[in-house]
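Undergrad: So TrEMBL lists these for the protein:
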type: TRANSMEM; residues: 48-74; note: transmembrane segment
type: TRANSMEM; residues: 86-103; note: transmembrane segment
type: TRANSMEM; residues: 115-132; note: transmembrane segment
type: DOMAIN; residues: 201-329; note: domain 'Palmitoyltransferase DHHC'
type: TRANSMEM; residues: 247-270; note: transmembrane segment
type: TRANSMEM; residues: 290-314; note: transmembrane segment
Amino acid sequence: RWLTCQSLPPGALQSIADTIADRLRVPWFSGAVKINVSLVPPLVLLPVFLHVAALHFLLGLIVLTSLPAVVLWYYYLTHRRKERTLFFLSLGLFSLGYMYYVFLREVVPRGHVQHSQVAALTCGLILMLAALSRAKKDPGYLPIPAGDEKPPHQGLPNRSVRGSSSGLLGIATAGAASSRAVNGEAKGYSRVSADGPEGVKKDWCAKCRLVRPARAGHCRLCGRCVRRLDHHCVWINSCVGEQNHQAFILALSFFMLTSVYGITLTLHTICRGRTPFVALFYCPGAYSDYSSSLSFTCVWYCAIVTAGMGYILLIQLLNISYNVTEREARLALRDNTGRRLLGGLVIDTGQYNRGFLCNWGHFLSMGSSPPQRSAEDIV
């Protein structure tokens, strides 16, 4: 019907795509293993696009311009559907591996890169992967209450209840359920007037059926509440919270250093006699042979990715300096309770800001010890 331009029943294409995704399996000793469809496009399309872009300058311009647009389109598509995907994680990891492969195959054999420089680049890549592995672990999920029955959160009594270290210090009244979702915030939670330290209110999460401590939030993609939720990062396919925020910043920092170092080594090899910044925009002879053109195309691909990750790292460092999370900044913009600083790069809520040094001290000591639970919590 599609080939003959006839109308398709509603949901037919989605049903076909779901069927293909379910049947895409590879043989294995213990049985066929299902392959996540989102893993396939980066493995196939990235080498093809880069090799096509290396054929001519105009092809490179078209491909390198369209790639960010396609990635952004896919991000907004999955974000609107509230879907988790391994596309971005596989794209990032495969890009690292493929760039490293091109560097060893096309750049190192030219003889202008020393063994110590290759070792330094390799160490940076290993450290970045180690930090990324740590960032993929538990971001600080709040424990889900045991049992299937819902706790008696409806009709909360108007009396003070002595709380615990998990956040509930005094329940007064339950607010109306929120109907909006901001930065992974799930619909249908009630704001509970439970004053804690510094007068911060706690939230009742109707999805997880628990009272969230200060600065915690519910991720609609992971379906869990996370302590000090910053945001859900598609590049690691996980939330960034209290337990993995430091590792996330460390992974971004190692990536920036390693990527800039690799770009510099490559440009010094294929555009000798020019500074890396000048060679990035003016490199005569870059398309004289296919090896140089492929290396130059990969350099520009790395530069585009590095610029995007550099912007994310900059925003993160500014937020840490003002002790505000990405989720809190979005909520402050929604409620018009924050002020824009540095041209709108950071939103200062003023709620937790204690100065530059204190803010960074709080961040570096964050998640060093698990939260203590009181005897009332255990009971």
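From the backbone N, Cα and C atoms, a Cβ is placed for every residue, glycine too.
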Undergrad: Other than its close neighbours in sequence, what residues sit by the transmembrane segment (86-103), given a CB gap under 8 Å and a spacing of at least six beyond its ends?
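TA: That would be 36, 38-39, 41-43, 46-47, 50, 71, 74-75, 78, 121-122, 125, 128-129, 234-237, 262, 265-266, 294-295, 298, 301-302, 305.
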Undergrad: Using a Cβ-Cβ cut-off of under 8 Å, list the residues of the same chain that are 6+ residues beyond the ends of the transmembrane segment (247-270) and lie near it.
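TA: Apart from its flanks, the transmembrane segment (247-270) reaches 99-100, 103, 107, 110, 112-113, 117, 120-121, 124-125, 127-128, 131-132, 134-135, 137, 233, 236, 240, 276, 279-280, 283, 286, 292, 295-296, 298-299, 302-303, 305-306, 309-310, 312-313, 316-317, 320.
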Undergrad: Please give the sequence-distant neighbours of the transmembrane segment (115-132): residues at least 6 beyond its ends with Cβ less than 8 Å from one of its Cβ atoms.
TA: 96, 100, 103-104, 108, 236, 247-248, 250-251, 254-255, 257-258, 261-262, 265
Undergrad: How do the residues of the domain 'Palmitoyltransferase DHHC' (201-329) split into helix, strand and coil according to DSSP?
TA: 68 helix, 20 strand, 41 coil
